[in-house]
Structure formats: structure tokens, C-alpha cells
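According to TrEMBL, the protein has these features:
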DOMAIN    A:6-97  domain 'Aspartate carbamoyltransferase regulatory subunit N-terminal'
DOMAIN    A:103-143  domain 'Aspartate carbamoyltransferase regulatory subunit C-terminal'
BINDING   A:CYS109, A:CYS114, A:CYS135, A:CYS138  Zn(2+) binding site
Amino acid sequence: MSDHELRVSKIRNGTVIDHVSGGHALNVLSILGIDGSEGLGVSVVMNVPSDRLGLKDVVKVEDRELSQSEVDVISLIAPEATINIIRDFEVVQKNRVDRPESVIGLLSCPNRNCITNDGEPVETKFAVVEDGVRCAYCGTIIRDSLAGHIDPE
Amino acid sequence: MRQDHLISATQLSRADIEAVLDRAAEIDADPAAWGDAHGRAVLGLCFFEPSTRTKMSFDTAIKRLGGTTTDMGSVDSSSVKKGESLADTVRVVEGYADALVLRHPSEGAAKMAAEFVDVPVINAGDGAGQHPSQTLLDLYTIRENVGLDDLSIGIMGDLKYGRTVHSLAEALTNFDVRQHFISPESLRLPRGVRFDLHQSGAQVREHTELEGVLPDLDVLYVTRIQRERFPDENEYEKVAGEYQIDTETLEAAADDLAVMHPLPRVDEIDPAVDGTDHATYFEQAHNGVPVRMALLDYLLSEEVDQ
């Protein structure tokens, strides 16, 4: 996006998550556990034109640098996302997201009879498999609409 | 066998399985020789669902190894009734026992329990998940009757919710076995099990009728189709009737076909089959004791070695 098209101003320090599939910005924030209560400056741009994606979202989080392991989980819903770490208005690091081996504590298991839905003191854990994720406890595979399984807690 | 727990059949290699089955055969040949093998061992029985065969055969197995049991009793008479979590229950019981046998209505319960305790946990059934100790006795029975390689096995009935089916199918991928799954469309194997079978390169075919495949089978493993899996009684009656066998059905089978069933049966195997050479299900149930003795011997010996 060129400067004259900017819909949100540049940030001084923090993280810009670019090339998020259109419409998924709020899911990205949910994955990162950011809901505004942290007091961080957060900007969201949704459904802007993108050569690569058709429509893309952009998320800017001020004064917080996200680690690779934090952002890798974004790859499950936004495999094309790029992560830019910003210091003093400059991009000092630019990374693509990688598929993680597992996802812990983020998704809820759709199998209501899974032990992770039984009020036990255990976090959900999903192994990332070929074309989806698989519950490490009950073996249920989720292939579609992962974002719909993000645990709001 | 280098295992701390027995949670799922997917964790078992061919070498693991053969080690337990060989030990079970040794025990079967001379059970009295094992009477002091684990003289001070206490086995914790945590059954959150009713059980006859599994619970009684584990109870018998540890006693024939010289040990004893401590039993949580029924859920209604335990602190579970007061709202205690499974995680707390198993952490308490591990203080009383050298190993735990757990049956629970939720899938993944045994895996979670194993994360909270240091003693071996044996999954004796977790909802519609797994039942791997049943699989070991199933494999022992198959090996005793027809061998475990170059084999065609038909697995019929409720393949979706049948935990014995899931464990058996996954364990059989270690052997040269052609697996035929026979069920109504609505009770096909769940996606997770089909994923495992596909990943392991298993030889698998799915059928909705027994008739076409029966003459090719060495083993027919029958399971019960439960009434509550169907929205209405008529549909259940219609479907269940197609997956019941009697002596007439078996006229098309090979003479040495072994008919197995994890039991309890209701009406899926006609009692007239009991008197034929095909009937292997009571032998199968009896094998629960030597196989579970062998399993306990391995897991408890591991515990001492550590």
C-alpha cells in the first residue's frame, strides 16, 4: 500500500501484520489474545485491494513486538501473512509466518464429548496435520473454518 | 515393551504387540508360575462407566500375579458425585496404587489422566475413543486361531462409536492384513481413524453389506449397533437387522472363519452360532486374563526398573 493510500497512519514502534486474508483481521487479534483491554494502540484495516490476495486486512499493534511463535499460529487462518517489526517508524524485521507443529490453548475442540470440554484443568492441544488440525486428546480433525473454533477465552 | 502408559493402539509397534502376546502365551501355558510375579502390586480401578469383562479380567489378572486391587467403586458412591475433577481423582488414587486402569465416558480422558500422574495408566475405554487392552486380547485370539499375517478381517457394526473397532483397526496396520469395514453409511469409521489408516498405508475397503465380502474373510469381528445411535426406532430396526448373523448367514463363509465379538452381544449374533466351530467370542473373553496379566507384567516391571 503506497503512502497516499494510507488509511491508518504509520506507527512508531510495534508490529504490523500485513497480507491477512480479507475479513480475518479480528480473528488475528483474537488469536493473539488482543481485545483492547491491554491499552495497546491497535489499528485494523479490512478488505483493502491486494495484488496477491484480492482483498486483504492489515493489523497494526503499537508498542508490542510479537514473537515468531506467537505469530506462527496466525498461519492457520492467514498463511500469506507477513509480520513487520517497527522501531522508530522503520521496518527492522520482516518475516513470513510458518505453520506451527501444534496449537495450544487457542482452539476449542468441536467434539462435545472430548475431555477438554469437560471442565477439567487442561488446555486444548491440536497437532497441525496436512490440511487441518487434530485434537491431541480425542483425535477429532478440524479441516474447515478454523477461525470458528477459536476459544474466546 | 518400552511404554509408560497404554492410552491408544496407535502407540503400539509390532514389536510391542508381539512382546505382550508372547508373554501372554507363556502365562497361558503355565499360569501358576506367575503367582508371585508382582506380589506387592496394587492396581487402582477407576471405572466411571459400568464394566463387567474389562474390570473383572483386570481384577483377576493382578490377583493371579500375586497383587491386589483398590477400587474407586461406582461413580454414584464416589467423590466424583461431589463434583471432583478427573484430574484430582487420579492424583489421589495414584497414591494408593502402582498402576491405574481407567474407564471414562469422555474421549481423551486417559491421555489427560496420564499427564497428571506418574504411575502407568491403562485406558480401559474412553468414550468412543480407544480400548487398547481389548485390542491386545483380540490380537492374541486372532493369532491363536488364524495367525496375524496374510489375513482378511471383516469388522462389522458400529464403526463410528465402537472404541474396540478403532483400536483394533489401528493396531492391525502393523501386520499384513486386509481390513474390510462393513457398516451402514451413518456408522462409518470416524475421520480421525480413517486418517490414521491412510497415513499408515493400510489395505482398507469399506462396504455396506456383508454378503459380497464374507467368503473371503478369515475373521469376522462383529460389534453391537446401539439403539440410541438412531433418531427413531424404525430406522434402528431396519438397519440393525442387516448386520446380524446366524447359521444361515455363515453358510457362505469359509469353514475356518473365526467369528469374534468384544461382548456384550444383544441380538447381532444368533445364539445358534455358539455351537459352531466359528464361535470364538467366549475364548476371546477368556483370553482377557492372560493378556492383561502380560500387559500388567510389562508396565509394572517398567515401573520397578525406573
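Using the three backbone atoms N, Cα and C, a Cβ is placed for every residue, glycine included.
Mapped onto this structure are the features recorded in TrEMBL.
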residue: A:CYS109; record: Zn(2+) binding site; DSSP (3 states): coil
residue: A:CYS114; record: Zn(2+) binding site; DSSP (3 states): strand
residue: A:CYS135; record: Zn(2+) binding site; DSSP (3 states): strand
Sequence-remote partners of the domain 'Aspartate carbamoyltransferase regulatory subunit C-terminal' (A:103-143) [C-beta within less than 8 Å, at least six residues beyond its ends]: 31, 73, 76, 149-151
Structural state census, the domain 'Aspartate carbamoyltransferase regulatory subunit C-terminal' (A:103-143) (DSSP three-state): 3 helix, 15 strand, 23 coil
Neighbourhood of A:CYS109 (Zn(2+) binding site), C-beta criterion under 8 angstroms, separation at least six: A:THR116, A:ASN117, A:THR124, A:PHE126, A:CYS135, A:TYR137, A:CYS138, A:THR140, A:HIS149
Those residues of the chain, 6+ apart, with a Cβ under 8 Å from that of A:CYS114 (Zn(2+) binding site): A:CYS135, A:TYR137, A:CYS138, A:THR140
Overall pLDDT of the domain 'Aspartate carbamoyltransferase regulatory subunit C-terminal' (A:103-143), taken as the mean: 94
